[in-house]
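Pulled from TrEMBL:
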DOMAIN    27-461  domain 'Major facilitator superfamily (MFS) profile'
TRANSMEM  22-42  transmembrane segment
TRANSMEM  121-143  transmembrane segment
TRANSMEM  149-166  transmembrane segment
TRANSMEM  178-197  transmembrane segment
TRANSMEM  203-222  transmembrane segment
TRANSMEM  266-286  transmembrane segment
TRANSMEM  306-331  transmembrane segment
TRANSMEM  343-362  transmembrane segment
TRANSMEM  368-391  transmembrane segment
TRANSMEM  403-426  transmembrane segment
């Protein structure tokens, strides 16, 4: 049964020596990393599989004539093109619409419930995709819409949990777990290329669906909304977390989300606007990268899948590196938190923005791919920048999820505006001149949106993050329900005296 996160007396288990050495935060990191990995595999399998589902006259289709079936109804080639665009974009329309719902749902039911059920719904839709494709393309659009809505709940849910579990000095490193999605994208494209050429596109969706259901089983066994609810956490780790996450976060379950203040907050808008630019560029690589490599660089399915996915596999390593450096800059007092966030946001947008401007003018394929890879890798610096900044300005449970939901509603509109822009500018997919315009527009958007963040971004906790009207009596009531062990108060309670 799902309920909103609250501080409860935890049940103590007999720990094994091995179990004691594995921190609950490390387990949470693995769950977050693997959760986003699986989520993005289920999200991006369609980008590659759809090429095979509606491809016309290629060698692979001839060899598997009875396998490649997508019921398009009756229509012209233009109708097919429209259907393809709608199938791809239907995921992102609903994804954007569900962001605020994710923030509200997380505050009401907790991350464990919202993240878990959203992943399970996405997995079931993947399993139903081949059957739906044989009936009619409209069913595929419906299933993708459901997947988009469910996937939109995951980011606000996970952000809300971070504030409760992760101290500030570890936050950038933990944010690298969100880069599991890079591994997911990086694995999806070569895996899809192999499965399609060997077994047919049906197995692509069965594979990602089964992986999703398997992950959900692990999530429900190992994940808990707060450290106090975790039955296997050690006393040492629990005390460490309570000492370092801050008083405002510990009592945040008593605070309502100030939606009005969030809507009017310039630092929140700065995060939303700058991340719009990053997402716009990122989705040129994610969604349209395989098409560019196919029509301009002339790579076949297998090679295309490997080269499309490889930079995203490297992205995870780069994200860990960027986040580690960001934490070191903070621990050694080299830069303030605000300057660290702005530095890494600049690396994630200005550098890729300048590099993507060059892509349309490079004739050497090796050099072009090198620039392509570097641009994708630097995008991951955002997880030590603007993306981590969300928890900096609103660390309270529910508040960070709500801020992310608002920001995601703004910046994830780029997830469908970017493919639509490419579709508008590229009417002939083998025209390098048209692709050059895409790269120029993307680079300008990335750099200009960063400038807004440079002016208005900050890492200071916002005044609306706490509820000033909490009385001393109310505070005593909050303290009473904090966990006690053997009749004695925890380290946090001693500090409160």
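Note that Cβ sites are derived from N, Cα and C of the backbone, with glycine treated the same way.
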Close approaches to the transmembrane segment (149-166) from elsewhere in its chain (Cβ under 8 angstroms; 6 or more beyond its ends): 5, 24-25, 28, 32, 35-36, 39, 42-43, 91, 94-99, 101-103, 105-107, 111, 114-115, 117-119, 121-122, 125, 174-175, 178, 225-227, 241, 245, 249, 252, 390-391, 395-405, 408, 412
Winner by Cβ pairs under 8 Å against the transmembrane segment (266-286), considering only 22-42, 121-143, 178-197, 368-391, 403-426: 403-426
Segment proximity, the transmembrane segment (178-197) to the transmembrane segment (368-391), 3 or more C-beta pairs under 8 Å: yes
Proximity verdict for the transmembrane segment (178-197) and the transmembrane segment (306-331), three or more C-beta pairs under 8 Å: yes
The transmembrane segment (22-42) and the transmembrane segment (403-426) contact flag, 3+ Cβ pairs under 8 angstroms: no
For the transmembrane segment (121-143), distant same-chain residues with Cβ under 8 A (at least six beyond the ends): 39, 42-43, 45-46, 53, 69-73, 83, 86-87, 90, 150-151, 201-202, 205-206, 208-213, 216
